[in-house]
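According to TrEMBL, the feature domain 'Transglutaminase-like' maps to 261-352. According to TrEMBL, the feature active site maps to 269, 326, 349. According to TrEMBL, the Ca(2+) binding site annotation covers 389, 391, 437, 442.
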């Protein structure tokens, strides 16, 4: 008869197991393991010894408040001769004796979360179970070590902002292994309405990364729930901070946790996406932030963005907009709910834009489904397809109420970007979302998506053409020229009116004040002729108007007097912030105090006041933000300079993220990669 093991005490071997399961950056004071991979614990017996074939041990693993075998949140298993990695199993790996080395393996599709494991009558241990992208049986399995190092283990990254003509890399501290962050990520799952309504079913759903990433896309915003961030795009940031303030996700998640799950104020698209990326990586789902330049927000799913301008070429605000850029996340997983070939990167968007199944969330949808025009595929394919493919129809609303069509060409969905694996370079992933323009495959995708406008598009007017040209020296604080270039490709003389204007604009298309304007009533062009019209942009005018996005919208509107045809060209330019220079003083080693000497030259023709530098970095600044204020103003052309001390805690390549803030230059970002030795 089998003899139950009489356990007196145990050792969870946290240091060994957590290192083996690549969770040791969370700390080694408790057991954190990944599913489908064995872990070993040591059992010390009160009496008797372990005898192969004679000794028995009943094990019960449970998660969630209502564990049940039916929901897959409870598993009972005994000792086997060998570990079976396809299901919950346990096997002894030590010779007979009073110390038993017990190897335990969870099922590769077990729900993630907090577990209790009961061992016989006297043993009860606790551990956290995560997704395992290193396990071939897990639905988030990724077969590339460099990609895993980037998309799961890397605690910092680059998010691309700026404009499609000038993508600007912005550093971000994801910090998914910083102290307490994993617990906060699990709390985000626990606070979701599905869990509050039916915790047993929700915990069962956590076996499925499709379910988890959809929950996250709803919970990172707070529109329907006690989510993490409140979005704000207009009228100042009273009661919170500008989205530009944040340097990483750690402070945001900790603030949400300590203020009783009240939303953190404020976020915009890159902040929502970055926080979703931090939580996904913490839970073990490979994840990356992507930026789509000239991103369409299509509210009525007709794949056409209708924009209206006034007689000066200024945009009239509407719900349908072209955002200068928009960020979302991609997560890596299989899609057994869809036909084959749609595994891999799935797009989901935590920025609250439109409701999906009654909730502000979006995705996950296979990136390949967007490329192929498969708009019936779950979830929210039409919205994401429109973000990268919508057509733009432009109309002028005249003072007398008449509306007329304007010739306007712009390509929505350009330079779709993410950080490269293993480097800070920009990787262009547009080809994953769309076929080459004009190709047969593109036409087939549009046909499937019923994108009639693109299929019917005629050749644009070849007669008159207007383009906007810029120079390379568009730095914040400088005066510079931009140019409207009008070309007459017809055989006859042309008389035209040119309205060339500029105004401040936010990254999601909100227009601000006028930065410079010209209205030429009599532009004459001979056949084949060209006219170049400069517009001077002075800091004295634009300096007080532009937002923290540093964007100016240039619009050139050409009216052909003979045909009454109107041609519009728009270009958003981004003004360059000054560079932040970071010098590391001392030899970077684990647990050794270092100094960063940080410098920024004031590029403005006026003094900077209330200057403050802040730094943070995973395993560099102890999970905190370290700030240093300057005591006096910094005059034009002078350097703002500080020395900030910090103590790295882990070896390896780390990113020190720097933020400079003042009264006139707000939240300028910079970074320095630091290699920490042992």
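Heads up, the Cβ atoms here are built off N, Cα and C, so glycines get one too.
Since we're looking at a predicted model, the values are computed, not measured.
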**Report entry** Euclidean distance between Cα atoms of residue 269 (active site) and residue 442 (Ca(2+) binding site), Å
**Finding:** 28
Query raised in the report: In sequence order, which same-chain residues at least six apart have a C-beta under 8 angstroms from residue 437 (Ca(2+) binding site)?
Result: 411
Query raised in the report: If you count Cβ atoms within 10 Å of the Cβ of residue 391 (Ca(2+) binding site), leaving out that atom itself, what do you get?
Result: 22
Report summary line: In this predicted model, the domain 'Transglutaminase-like' (261-352) has a mean pLDDT of 93
**Report entry** From recorded positions 269, 349, 389, 391, the one whose Cα lies nearest residue 326 (active site)
**Finding:** 269
Requested in this report: Would you mind reading off the Cα separation of residue 349 (active site) from residue 269 (active site), to the nearest angstrom?
Outcome: 9
Query raised in the report: Which is it, of 349, 442: the one of these recorded positions whose Cβ has the most other Cβ atoms within 10 Å?
Result: 349
Report summary line: Within 10 angstroms of the C-beta of residue 269 (active site), the count of other C-beta atoms across all shown chains comes to 27
